[in-house]
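Record features, source TrEMBL:
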DOMAIN    A:353-588  domain 'ABC transporter'
TRANSMEM  A:38-58  transmembrane segment
TRANSMEM  A:70-88  transmembrane segment
TRANSMEM  A:94-113  transmembrane segment
TRANSMEM  A:120-138  transmembrane segment
TRANSMEM  A:165-185  transmembrane segment
TRANSMEM  A:216-240  transmembrane segment
TRANSMEM  A:252-279  transmembrane segment
TRANSMEM  A:291-310  transmembrane segment
Amino acid sequence: MTRASDTPMTAHRLGLIAVAVLLAGLVAVPVAVGDQFVYHIFITICIFAALSTAWNIVGGYAGQLSLGHAIFYGIGGYAGVILVNLGISPWIGMFAGAAVAVVAAIVVSWPCFRLHGPFFALATIAFLEVFRVLALHFRELTGGATGLMIPLKIGWEWMVFRERLPALLIAFGMLLVCLAVAWAIRSHRLGFYLVATRERESAAKAAGVGTVKVRLMAVAVSAALSAMVGTFHAMYLTFIEPESMFSLQFSIQIAMFALIGGIGTVWGPLLGAMLLVPITEFARGALGSEAIGLHGFVYGVVLMLVVLFLPNGIMGLVHRFTAAPGKTVGEQAAPVAAAPRSAEPREAGREVMRVEGLQKHFGGLHVTNDVGFTLREGEILGVIGPNGAGKTTVFNMLSGFLKPDEGKVSVLSPSGEWQQPVTPGDFASIGVGRTFQIVQPFAAMTVEENIMVGAFHRHPHVGDAREAARETAHRMGLGPYLNAEASSLTIGGLKRLEVARVMAMEPRILLLDEVMAGINQTDVRRAVDLMLSIRDTGVSIIAIEHVMQAVMSLSDRVIVINSGQIIAQGDPHDVVRDAHVIEAYLGKDFTHA
Amino acid sequence: MLEVKNVDAGYGSTVILQDVSLHVEPGEVVTIVGANGAGKTTLLRTISGLVTPRTGSITFEGRDITRLAAHETVDRGVTLIPEGRQLFPDMTVRDNLLMGAYSRHARDYQDDTLHQVLELFPRLRERLDQHASSLSGGEQQMVAIARGMMARPKLLMFDEPSLGLAPIIVAQVFEVIAQVAATGTTVLIVEQNVFHTLKAADRGYVLENGRMVLSDDAEALLQNDHVRQAYLGI
Amino acid sequence: MDTFLQIVANGLMLGGLFAIVAVGLTLIFGIVKVINFAHGEFLMVGMYLSFLLSTGLDVHPYLTAAAVAPALFVLGALTQRLLIQPLMSARDEHVQIFATVGLSTALMNLALLIFGADIANTPAHGVRSQVMLGEVRILTGQLWVLAAAVALVIGLQLFMKKTRTGRAIRATAQNRAAARLMGINDKFIYILTFGIGAACVGLGSSLIAPLYPTSPTIGTYFVLIAFVCVVLGGLGSIPGAFFGALVIGLVDALSGFYIGSDLREAVVFTIFLLILILKPSGLFGTRMNLSHVSP
């Protein structure tokens, strides 16, 4: 165990040393060589690495593939140059550009978040085209197609130098800022929330993540950083025009470096830029105009090869060599550490949830018909019914994932008022946690990180959340797998992870959707004990289950749903003897058999 | 006719089936029962080639079909009627049925088979030019069965044919299955509706947590204590 | 009034051009569910082939379609087989996007490398001559493009509805697993569809080559507009893409005249964004759901 935790630590330290060496090299090599052209290459590396790192916050962490990031770069460039022409230092212009870029980013992204994957990419391309055309059109401001020159004012104040070294230092400084911001986001709550939202939006919502809010924050930060780099690059280039500042090819390149280095990782964009920029700049330098198109051709081919053979980029390759072999071992059957139960039956407490007259239609299908019931504090309510009876639809309405056509769901808030939550976020914050029938692990995260996404709900700081997550993991029998990738768990393990993530939110009402399906008999018994112990801490549980044995031993009360209607409810033993129930499950003949 | 030997299968890193064996003889009606999540659907998907087993073998009429793709398995005479109907929603009932006869050996008999199938499902004749999505659940299930028969299968597999249907329709579905079996087609059914299927079947298997735990004549299984307790609630 | 009629006619002719590019794009999206960012470069490759063949053999550029369309079919089929198929099961959408973006970048720059940035003019062989339809002047080549687009849309519709293969293609798009259970080889269907989609743009490129100068970046302009037409007409719908293209052609021509020719693209892309955001199923409505909203 100690060895197992040693290995990643040393690997981690080695990685940091490697990064430090690479970064130092970015300054040391050009200074040592002293050649103008080498300086230029390294400045270009810094600029592309910084832009790509900023892009990665949106494209990688949040998984929103922007192919229009040149919008923000261009805004920064134009803001800087226009203000310099008015006699304002680019150090100020940089922030003005960032502010405009943030506004643009929010205006551009907010309506686009409902679009996924290629459609988000298309929308960002369209926005980029609009910006380019507008930049060409408003000549008084941008100089139109003829472009803008910067006045030749030299010195730190104007970011323009005769020598290359100061420019390199500024570019390098910007790269460091971008890397630091990217690293900080990735290792704090926002980063966890972004990755969780990217991996499984519904599960993230159920864990109380404001998915739109965190994405907007990511986009705003990314846009601001891109704009600041854009300002500097404009000063470095001394001339800007719409075709180069708002260029689709440029946007694609920025994204490409991140993808080749390792999308969604902190250091990937840096590696991608360091690898590709020198190749292409040397080719351009050595072959000159003969080779126009060569670097683009190489980029395109490398990009195709990377997606085909190295989908996690260079960082994926690095991980493959450093990862400790055989990280998950055997069956995930660690005992569930259930607390011993109090022997005497408890009285159910006050009502905590009221469900009244729920109706839902999908097209012509009446999937929920007048469903109503109440849930008391510290009660386990079993929900049974044949497949396709509409149980999960009811759950979706009890957690804000579906809006009922009619009827209402009221929840007693901790302060004792009845409230009617609407969105998944409302439900989460009032203390309703849910699992999903089809397990929704955040595949790119470890077991511990998965549970932390839930734990952040009550513990905003990483340290506290980690501690809470570990505690929950041990309680759920997931202790030995904290550092395993969630995707490596067995189906039983995934079911427990699903429950653990919700438990880490410390909910007052727990909605469990078939958490026992597909797990073995021993685990069913353990899971029953665990649920009873959760119930005994005062949590109310609504559980959809098919495993009858579990339903019978677990539930204080049972409701039976068939064809979207409640056909029976009450004591579990009475309910299973009900003729309607038998008919719903087994068909009419059976009642006479 | 069908022989599944020591098959392990699953999705990604998740193992669903462990060491599963079963056999089906010509003309039999065999059922596999088990709870939700026991691996019944995965088993049928593995036989039909939608899932490739990790270990073990599957032979059909003495020939190995373990690694065949789904469309090749159909050509051999094994057809699966999938869970939840899986019709082509924006195609007419007629086109859905014609797609059933897409495989090479069924293509040439397409018109004859269509005629025979419509004899069995007279109701569908009136619906031929409607879009599949406009049909009721019971009618859709009938289209799914009819579409499966259009492939002229030697072995027809049903995955949860009663899923989401009203009890009265369920009874009709099982009547149809009995008629299909009466035409000489071998039938393999996977069902949660344990009572109905065991009534309809010659033999049965019980699948729990991805393993076969019981196998016997259907009558004997109906009387079996474990089955009665776990699945019939008696 | 005459001017207005002339602008409308110009818009419709332009729409025909867009349509012939958009049809293949929407076919590939509708069936394979992949957005082919390299579609514009397919057009560019086709136009260069057309240019080389018609100048090299001194034949009418329209005749080169007999070679260009099959060549593009092969290019499309290879793209699906070698680039997209290995990525079909990838969990992350970004790999498919970047795969075709990479192909697009590579093809465009390859053309730059081979032909340089200069434009290539395919001989017109009379298709740039004008005919008068009443008061309106139109290039004969534009009429042919529009006619070809109409024929292509009708032909594809008949193929999809009336033939066994066409039905198999639709079935695969509607329910892939069920199609496999019918004995349909889904991988072959995807390769075939990608090939057909590319062949459509191949046919288009032989018709467009004599009208527009060919350059390595010509594809970018057309493909972005084609995306607009496809989304406007409802993703995956072939007639939708055709009517979408006519609408966009009209918008382009009218806004160019009444708002300013340098703002035409801004108008077109603004409409695109509005449709994408407000009515993603397109103006003519299909079932296609592009936001994949999870429950």
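Note that Cβ sites are derived from N, Cα and C of the backbone, with glycine treated the same way.
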Inset, instruction - Sort out for me which stretch, of A:94-113, A:165-185, A:216-240, has the most Cβ pairs below 8 angstroms to the transmembrane segment (A:70-88). - result: A:216-240
Legend entry - Candidates A:94-113, A:120-138, A:216-240, A:252-279, A:291-310; stretch with most C-beta pairs under 8 Å toward the transmembrane segment (A:165-185): A:216-240
Inset, instruction - Could you tell me whether the transmembrane segment (A:216-240) and the transmembrane segment (A:94-113) have 3+ CB pairs under 8 A, leaving out pairs under 6 positions apart? - result: yes
Legend entry - Same-chain residues near the transmembrane segment (A:38-58), Cβ under 8 Å, at least 6 residues beyond its ends: 26-27, 29-30, 64, 66, 69, 73, 164-165, 167-168, 171-172, 174-175, 177-179, 181-182, 185, 194, 215, 218-219, 221-222, 225-226, 229, 232-233, 236, 253-255, 257-258, 261, 263-266, 268-270, 272-274, 277-278, 281-282
Inset, instruction - Sort out the residues at least 6 away from either end of the transmembrane segment (A:120-138), same chain, that have Cβ-Cβ distances under 8 Å to it, and list them. - result: 64-71, 74-75, 78, 108, 112-113, 144-145, 242-243, 245-248, 251
Inset, instruction - Could you tell me the mean pLDDT over the domain 'ABC transporter' (A:353-588), as a whole number? - result: 87
